[in-house]
Amino acid sequence: MEKSSSDGGNVEVEQRRSYWRCSKEDFFPEESFKSWCNYRLAVSQTCLRLRDRITTRSDDAAELVQLRRRSENDMKRCLTWWDLIWFGFGSVIGAGIFVLTGKEASQNAGPAIVLSYVASGISALLSVFCYTEFAVEIPVAGGSFAYLRVELGDFAAFITAANILLESVVGSAAVARSWTSYFTSLIDRPPNSLRIATNLAEGYNLLDPIAVAVLLATSVIAMISTRHTSVVNWVASAINNVVILFVIVVGFVKADPSNLTPFMPFGVGGVFRAAAVVYFAYGGFDNIATMAEETKNPARDIPLGLLGSMSIITVVYCLMALSLSMMQKYTEIDPNAAYSVAFQSVGLRGAKYLVALGALKGMTTVLLVGALGQARYTTHIARAHMIPPWFALVHPRTGTPINATLLLAVSSSLIAFFSSLDVLAGLLSISTLFVFMMMAVALLVRRYHVRGITPRTDLLKLAAFILVILAVSMGIAACWGLGNGGWAGYVATVPIWLAATAGLWWVLPQQRTPKVWGVPLVPWLPSLSIATNVFLMGSLGEESFSRFGICTVVMLVYYLFFGLHATYDTAHDQAEKGPQIHVAKEEEKRGSLELTPA
C-alpha cells in the first residue's frame, strides 16, 4: 500500500483505500464524537470552544496544502482562462435573465428594468474584483469559505459557508423549476401542466419531477470529469449565445420606443427592489473561483476568466432587458415566459420556440457549472470538518468530488420538487448579497492586517473603520427602505460613509501588497461593495429577511452542536502534533507552491 503524510506528516493515510466506504470514522472521526461521554464534555465547553473558533485564524498554507491532503486524491489541473470564461457564461446566463426580467419588469421596475441590471451589475463587478484577488493568491476549491477562514476566522467562515450551501441548493432548485416552465413553453403546454398539483400550502403545492430529473442528470455529468464537463458547457453556451444575439438584434429591429413610456412607472424604489431580485441573474460567478484548484495557471487564468466573462455578461443583460422593454409594454409582459410571449406579440411566433430552446440550454449550463463549482465549495468545507469529512473525498480516477456532488444534487432535488420560484428567488438573493458583503470585508482585513506584524492599535482602528462602514451602510439602506422621500437621512449617513472610507485610506498603511493581481482603489472599491450589497439587501421584502433569519438560526444550532466541536477537535489535534508544511512563495506565472519546513 502507498502511504503519504496527511496534514503535514501527522497521520499516515493509505492512498489506496476504497473510495466507496462508509464508516463512523469517515463521518465522525473527531474525539468529541467517540462516545456520548466525550460529546457531553464537549457540549459543556461550548463557550470556551466558541471563543477559540471566533478568535483563531487559518492561513494560506493550511488552506493550500494541509486541508487539500484530506481529500486523499488531487483534483486534476486541466482548465485554462478560455475554459473559465465559458464557465462564466455557463454559470451565470440562465434562469435569471430569461425568467426574472419579465417578472420584475411587469411588477416592480417597468422599462427601467435596464437600470436595475446596471445597478446589480455594478455591485456584482465590485464583488468579482474581491473574489479575483483572493482566488489568485489562495487558489483552492473552497472559494469564499477558504478566504474567510484565513481573514475572519472559523465562525465567520461557517456563517458564510452555510449561506454558500444554502445559495447553492436553493439556486439550483430555482433554476431547475424554471427549466420546467420553459420546457412547457417549448412544447406549447400551460405553465404548470407538467407539475403535479397537491393540497399542500401555496408555493409548495406543485410538485416538479422534471426539475429533479434535470438536476440529477447534470450532476452525473459533473461527476464524470471536469474536462468533459467543460467541453459540454462550451458547446451548450456557444449555442445559447447565438440565441441571445438573436434576441438582442431582432428585439431592437421590432422595437417600439413608445413602450418605454412611462420609463419608471413604479418609481426609483421599484428599480432597486427589482435590482435586489435580479441580482440572482449574476449569481454563479463565484463558482469560477472554486475551480482555481483545477486551473493550470491561476495567476493569469482567473483574472481573465472572472473579469472577462462578467464584464461581457453585464452588457448583454442590459441589452436583453432593453430589447424586451421596447418590444412589449410593461403591463403586457408575461412574467412566466417573457421573451417567448414578447416575440409572439410582434408577429414572430416561431421565435418563441427558439427563445425557449435557448433559455433551456442556458439553464442547463447553469445547473451543469453549478454542480461542478458547488461541489468544490462543499469539498473544502468538509476538509475543514464543518461537515463530515466523507464529503471531502476526491475520487482517484475521475479527480472529482463525487460524494459532495451527490449531497448537493439530492438536497436541491428535494427543494425543487416542492418549492415554487417565487419562494426561492428572494431567499437566494439575500443569501448571495450577504456572502458578497462578507468578501468585501475580508478583502479590507487582508490588505490592512497581517498577524504578527500589524500593531494592535492599527488593528483596533481597522475594526472601528469597518464597523462604521457597515453601520452606515445599514443606515443608508434603512433610510431607503423606511424613507418618506426626504433627503435628511442621506445627508447624515452618506458623508459618514465617505469619512470612514477616507479615514481608512489616510490613517492606516496597507500591510500587504498583492503578488500578482489586486483590487484597484483600495479601500474605496471594497467599501463601495459593502455599501451596495447592504443597500440591495435592504431593498428586499420582509419575507426574505424572515426566511433568512430562520435559516440562520438553524445554521447556528447545527454549528453549536456539531460544527463547532468537529472543527475545534481537528484544529487542536493538528496544533498538538505540529504542522510541518508552510507555503513559502508562489512560483512565477503559475501560482504553484514551494514548500519549506516550518
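Glycine is no exception: its Cβ is also placed from the backbone N, Cα and C atoms.
What TrEMBL lists as transmembrane segment is 78-100 (among others).
Taking Cβ pairs closer than 8 Å, the transmembrane segment (112-134) reaches residues 101, 104-105, 143-144, 147, 263-264, 266, 270-272, 274-276, 278-279, 281-282, 285-286, 289, 302-303, 306-307, 310-311, 314, 317-318, 321-322, 324-325, 436, 439-440, 442-443, 446, 514, 517-520, 525-526, 528-529, 532-533, 536 in its own chain, all 6 or more past its ends. The transmembrane segment annotation in TrEMBL covers 112-134 (among others).
The transmembrane segment annotation in TrEMBL covers 231-251 (among others). For the transmembrane segment (231-251), the residues of the chain that approach it from at least six positions outside its boundaries are 83, 86-87, 89-90, 93, 221, 316, 319-320, 323-324, 326-327, 339, 342-343, 348, 351, 354-355, 357-359, 361-362, 364-365, 368-369, judged by C-beta separation under 8 angstroms.
For 263-282 (among others), the entry in TrEMBL reads transmembrane segment. Only residues 6 or more beyond the boundaries of the transmembrane segment (263-282), in the same chain, are considered here, and those with a CB under 8 A from a CB of the stretch are 92, 95-97, 100-101, 103-105, 108-113, 115-117, 119-121, 123-124, 171, 174, 310, 313-314, 317, 330, 425-426, 428-429, 432-433, 480, 535-537, 539-541.
Panel annotation: around the transmembrane segment (302-322), residues 81, 83-89, 92-93, 97, 101, 105, 113-114, 116-118, 121-122, 124-125, 128-129, 131-132, 135-136, 139, 244, 247-248, 251, 281-282, 285, 288-289, 292, 295, 517 of the same chain, lying at least six beyond its termini, place a Cβ under 8 Å from a Cβ of the stretch. Annotated transmembrane segment per TrEMBL: 302-322 (among others), in sequence order.
Feature annotation from TrEMBL assigns transmembrane segment to 353-377 (among others).
The transmembrane segment annotation in TrEMBL covers 398-418 (among others). For the transmembrane segment (398-418), the list of distant contacts is 19, 71, 73-76, 141, 165, 168-170, 172-174, 176-177, 200, 204, 207-209, 211-212, 215-216, 219, 222-226, 371, 374-376, 378-379, 382, 390-392, 424: same-chain residues at least six beyond its ends, Cβ to Cβ under 8 Å.
Positions annotated as transmembrane segment by TrEMBL: 424-447 (among others).
Non-local neighbours of the transmembrane segment (459-483) in the same chain are 269, 272, 441, 444-445, 448-449, 489-490, 492-494, 496-497, 500-501, 503-504, 507-508, 527, 530-531, 534-535, 537-539; each lies 6+ residues outside the stretch with a CB under 8 Å from one of its CB atoms. The transmembrane segment annotation in TrEMBL covers 459-483 (among others).
Long-range contacts of the transmembrane segment (489-508) within the same chain, counting only residues at least 6 positions beyond its ends with a Cβ under 8 Å from a Cβ of the stretch, are 444, 448, 458, 461-462, 465-466, 468-469, 472-473, 475-476, 478-479, 483, 523-524, 527, 531. Sequence annotations record features per position, and here TrEMBL assigns transmembrane segment to 489-508 (among others).
Helix, strand and coil residue tallies for the domain 'Cationic amino acid transporter C-terminal' (517-566), in that order: 40 helix, 0 strand, 10 coil [DSSP]. The domain 'Cationic amino acid transporter C-terminal' annotation in TrEMBL covers 517-566.
As annotated by TrEMBL, transmembrane segment applies to 520-538 (among others).
Using a Cβ-Cβ cut-off under 8 Å and counting only residues 6 or more beyond its ends in the same chain, the transmembrane segment (544-562) has close neighbours at 43, 46, 50, 155, 158-159, 162-163, 166, 426-427, 429-431, 434. Positions annotated as transmembrane segment by TrEMBL: 544-562 (among others).
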Positions on the same chain near the transmembrane segment (353-377), where near means CB under 8 A and six or more residues out:
75, 87, 89-95, 97-99, 141-143, 145, 161, 164-165, 168, 171-172, 175-176, 178-179, 182-183, 185-186, 214-215, 218-219, 221-222, 226, 229, 232-233, 236-237, 239-240, 242-244, 246-247, 284, 286-288, 290-291, 293, 337, 339-340, 343, 400-401, 404-405, 408-409
